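Quick notes on the structure that follows.
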Amino acid sequence: MTASTSSAAGDSIAWVRISSCYLPLANPISDAKVLTGRQKPMTEIAMLFAEIETKDGHKGLGLSYSKRAGGPGQFAHAKEIAPALIGEDPSDISRLWTKLCWAGASVGRSGMSTQAIGAFDVALYDLKARRAGLSLSKLLGSQRDSVQCYNTSGGFLHTPIEQLVVNAGASIERGIGGIKLKVGQPDRALDIQRVETVRKHLGEQVPLMVDANQQWDRPTAQRMCRIFEEFNLVWIEEPLDAYDFEGHAALAATFDTPIATGEMLTSAAEHGELIRHRAADYLMPDAPRVGGITPFLKIAGQAEHAGLSLGPHFAMELHVHLAAVYATEPWVEHFDWLEPLFNERLEIKNGRMLVPTRPGLGLSLSEQARAWTREVAEVGTRP
Ligand SMILES: [Mg+2]
């Protein structure tokens, strides 16, 4: 059976451009995976952009990304499947997600293949919202005009403790509502010292989280979660391997401090398993990483039904819209890394990120993003 619908407006996708852009980071970034020797410090982020234009001139911009390896693979897969969009009704986003998924089904329905689809899926949502003259959050049905946000980029493990305190203070001064610190390094005493120092500096009232980036084993996670109970943390993130659902569930059941995880999962199906195991109090889906907004909404629906809190991972420029739609108050992660890629900036006030009111995502690619672009592919004819 070939599923199709006819477009009421008679419009169709005429042109698609994908670009592979490498965003350099000012300082090499280290979390616990670097300190345990599993990864090298991160020096750049590979962005995959999709630009879509219809016969009638409606436009959409989407993005996906990878850290360390994966950028060339995402681009190659996107290039192979992009022709499947030409001539299609851009409104049929769910159907097109499925069509793109089947086009590459042999390489799986998670990971790199769905992340390539993610860029197109986000672009189609951006197009639909822009065409309606609505922000993405309004198109989806917004619950709030601003979302509480916390800073991550100032709390990495390559940052010395003196600077950690300065960064945390500067973030709060800037109006960011909470502070996340990376932990999970081999020397546990240093982790505790960093958290203790920042908690003392900020006082008891400032929301504080920690993130071990999957680098503890079960006994260590038990001990560290117990020690961290006294710091009144908003959550303890990725205490264990991302796929150890039973281990996360045991921690979530044992400790008062909420457990957060989910950023490494790459499909709605994987998130479904995590939710079924009750492995998280805060679920942290990442829309580009799970394949775009279509799977993200399926995950958010399940999470809401299960009574979980939401803290989407990375890409605040996209997640601010998606978080605004969630039923209970979520947290959005503030990372300024992607800012040079866009002409627009998010506004932050009184601990909260304001949801942009411009149509769509409210983003346009900067000249700088074009300059960092290494490879481009186009299909169809630009109207
Ligand atoms: Mg994390």
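Quick reminder: no glycine exception, Cβ is built from N, Cα and C everywhere.
TrEMBL entries are annotated by machine, without manual review.
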One of E196, E229, E246, E263 listed by TrEMBL as binding Mg(2+) at the site of D211, E237: E263
Binding-site annotation, TrEMBL, substrate: partner of D31, A32, K33, K67, R68, K180, E333 in N213, N232: N213
Maximum Cα-Cα separation (Å), residues D31, A32, K33, K67, R68, K180, N213, E333 listed as binding substrate: 22
Structural state of K182 (active site, proton acceptor), classified by DSSP into three states: strand
Close in space, distant in sequence - R68 (substrate binding site), Cβ under 8 Å, 6 or more apart: Q39, K40, M42
Shell list (Mg(2+); ref centroid = CB of D211, E237, E263; cutoff 8 A): K180, A212, N213, E238, A260, T261, M284, H313
Secondary structure tally of the domain 'Mandelate racemase/muconate lactonizing enzyme C-terminal' (161-258) (DSSP, helix then strand then coil): 52 helix, 12 strand, 34 coil
